[in-house]
Amino acid sequence: MEFPPASSHRAPTTVRRNPPRRAKQTPLAAAPDPSSLSSAVDGITPFPLDEILQPDPPQIPPPVPKSPEPQSADSSENLKVFLRIRPLEIRPRPSRNPCGGKAKPRGKCASPKGGKNKNKSSCLAVNDSHSVTLSAQPSLLDLKRTKSEVYDGFSFVFPQDSLQQEVYDKVMNPLVLDFMGGKNALLVAMGPTGSGKTHTMFGCPRDPGMLPLALRQIFSHATGSGDPYSSSSYYLSMFEIYSERGKGERILDLSPNGIDLSLQQSTIKGLQEVMISNLAEAESLVTCGMLKRATAATNSNYQSSRSQCIINIRAARKSVDDEQHFPPNNAVLTIADLAGAERERKTGNQGARLLESNFINNTSMVFGLCLRSLLEHQKNPKKPLHKHFKNSLLTRYLKDYLEGKKHMTLILTVKPGEEDYADTSFLLRQASPYMKIKFNNLEELTNLHSQKRTTTSLIRMDHYKRMKFDNSETSLVDVGKVDTDANDENQMSKKEVNSQKLQESEIPQVLNISPKSRGGVHVGVQCNEEVHVELQKIKRNEEVMRNFAKALWNVLKQYKQKLEDSEREVGNMKEALRKEMAKVMELNKELKELRSCCSFHKHPSPEEIFSSEVDASYEYCAAGPSKSLSITDDFTNFDASLDDDTTPEIGDQLCIGMPAMVLAHEDFTGLPDFGLETDSSNSNQSETAKRDSSSPISFSVVDDRTICSSPKEMPTQQQEDKKKDKGFQEKDYRTGDKEQLKNIDVKEISSPESSADGAYADPLVNSKQTYLTVRHVKITLSSSNVQKALVEEKNACSSQVKYSDIVCSSLSVNKDAKTQAHQLLYHRPENFQGQKHDHEDLQGKEDRPTELSCKPGPEEMHSSPEIPPQIHEPIKEGKDILPSVSQQLQESDVQPVIDMKTSSKCQLTKNPKEVKRDSISKPKVAEKPKRRLMPASAMLLREFAGLDMEIDKPKESRGRLNADEKMRSDGSISLFHLLQSNLQH
Ligand SMILES: Nc1ncnc2c1ncn2[C@@H]1O[C@H](COP(=O)(O)OP(=O)(O)OP(=O)(O)O)[C@@H](O)[C@H]1O
């Protein structure tokens, strides 16, 4: 049977399963028409009953249209799958023992059943050289449908009468040529038991198979001389993988004196390689190996192989000269004769045979799974390439082939008998998709790359040697050339020389040659252009990856450095934080102590007041009918101020509530002279108001919130130094009237930290000095002229003294504003006496003992419709507000209460422009004054001087002292004097 030459195979076609049956032939139709067949395929025709009842003999389906010739260019990339159909009838022929033993029948040809195959029909028809049609026996079907399967795309289909040589030419010859050209090759025979795998691979002496024919080809080339083939030696190794009674897989070396072996990775340790120098040696070796192979008789095969047999032929250069003259050839040609899958029902295996069948079928299944996984992985790279090869020794050994790294060729052997339909169908269904498997050219590239690298190394070594030789030679001959060569040599970096030396040392290992034979190496290998391009690409990619790795490494190093720096910073910050926390703890502790100290000053006992030389609460009660002047501290809640109910009025007693840290001192008796003026007409208060006017009042404003009061004399130099050590920065300001203020010494501590430094809180600095913290000052005045005077005086002193807050609670108009202001601000208590206040007419309250008036109160003022709106309007400058307000008041002849609560630096600062407009322009009259606690100092003074708080008294009786109170007050004052004298001493 002639087939067109299989120069290439066609693409695999879809296998159609259960195609519709053919239409009933018309009587006129002599032969089936393919077109009618196709139409029948597409149509649905009822199956004729008479045809079933009288079935025609099974007919081979008409040949399908020839598929286009397979591509020749890409065929090398695909897995080649050949199909060989065993003859349906095998004539019994004796098989001689290759080793010279007694002839032994082989296979079914020797079976007694062989004669029964005469009238058997085939289930497999060859359509063409690349496709077959498999048809089932109608009797085996369900009597309704004819089943035929077309398998297409084989590299070649060998019909039943194909000869071994034909098979060899198509299948094995290309592999042998590749092998002798330096490529690895693998031919695997697959098929059911008795299908002719062993016959195809090994054959018999009269009809040799692929291996003997390959050996013949190899050694036919090797007989020549001067060609690459004759310069190679070949080594043959055989082993089988078998399972003894199901106790796992074992490897047996089939070479003479072969033993059991083991598989490590993909290498069989201890496998003997027998060098074959001629064909006879090789055939003899193969025959002896075949005799050692495990075989057994089954119902399917008289001599069925019970193991997977693998034969390796490895090539190697005969000598070093051959290695130098020809490219290295370490290729291996592998032939694998797998044991055929068996069906228990057909083989009738039992016991050990059955266990062998399980092993054989399992190996076949694993082998198929590996190829299936490879195919699906190539179809969809997202699908992983399963490691099925691990499940058997055979697939582990053939791992590289089963992962597509090396080329492999399959030859399927089938039996065409009707009874073999199931086995054949199973095999074709399983193996036909393998035709789509593609092999990459990694193996070739790797081999060529290694060759190229070796060649490059040799070239470099040769170049280096030549340079050395040239240098030595020229050193003797031509001095000028020596310089040139020396320069050339110098141009070679030391590194390059070292690398060349290293390569030189590696060369013997790579080429397996002795160092002595390295001289005069000349390599004349011409690489394929495409391979060269591929190598360049790989080289470039390597370079890119190397640079990327270097850059990444540098970045990582930088990040590591930054991380270390950050960790160090974090450590430093933690240390600083610990220190700060310790400081905060100390400060908190100090604050706690200070608070406790303050609380001590809030509620001192009488003994503490008079026994302590540095600390006492101070309260000045202006003698005579006057309003209260309170200096309060916002952070002390004991300091009292006047609320709405106790809005000072004329005749009320002005009190200065000193918060904590006020040293009781006699000199503070003059402190109310800030803005107090008593009604001299009030004879009841004359005595109380009689204070020591000659006693100079000296006080210091430690900062804008602190007033420092000192006795007459200024601090000593030692005290000054001590204060400076404490952080004081004092500025002296002389404030006051020419006459009245000459004795007033105001000092300001410009540094706000001074107060935080405990300046005012440390009375031990100077026992004669008192530090007063002022947060809130309320000045209650009774006439607008006083207010005016206040403004004038404050403006005059604004560049010198800082006050925190000044609240003018009440104003009344006075004609002699300046005088009144001076008196109110700076007059001594005795000035209160006997002064006639002529604003009573304006007030219309003759019963008021003092001309200071605080009527109406803040709420009244706020709600009074008589208040000119200008009062509530914003005022640009603080120094303008009060005179204007005063003027307004004078014009409107009302007595407003202006509550000017400003921030510390808004009023009376060095620069009047700093006065904030809104702080003054928004009178606090809208705010309801809060009732505050009576100052502790007032309580104390009341306790010892018998002075009741004015706020607790009716307005009419305020400022008037009864005899007991006056006595107690005088007594307490004398006690203060006594204390002061003690302190001074
Ligand atoms: N193409 C063929 N031409 C002539 N005889 C053949 C052919 N193929 C197989 N035979 C014969 O068929 C018998 C069985 O063949 P073989 O032993 O090679 O089958 P097998 O596939 O190796 O079976 P197993 O897997 O059981 O080893 C042998 O006697 C062999 O001579």
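Just so you know, glycine gets a Cβ as well, placed from its N, Cα and C.
As annotated in TrEMBL, coiled coil covers the listed stretch 549-597 rather than the other ranges in 206-254, 402-450, 549-597. Secondary structure at Thr193 (ATP binding site), taken from DSSP and collapsed to helix, strand or coil, is coil.
Comparing the binding-site residues Gly191, Pro192, Gly194, Gly196 by how many other C-beta atoms lie within 10 angstroms of each C-beta, the top residue is Gly194. For the domain 'Kinesin motor' (78-437), the model's average pLDDT works out to 80. Taken residue by residue with DSSP, Thr198 (ATP binding site) is part of a helix. Spatially close to Ser195 (ATP binding site) yet at least six residues away along the chain are Arg86, Gly340, Thr413, Val414, Lys415, Asp420, Asp423, judged by Cβ distances under 8 angstroms. Around Thr198 (ATP binding site), the same-chain residues at least 6 positions away in sequence with a Cβ under 8 Å from its Cβ are Ala189, Gly209, Ser305, Asp337.
Within 8 Å of the centroid defined by the CB atoms of Gly191, Pro192, Thr193, Gly194, Ser195, Gly196, Lys197, Thr198, the record's ATP site, lie the Cβ atoms of Arg86, Ala189, His199, Asn301, Gly340, Thr413, Lys415, excluding the listed residues themselves.
Around Lys197 (ATP binding site), a 10 Å sphere centred on its CB holds 27 further CB atoms from the protein chains shown.
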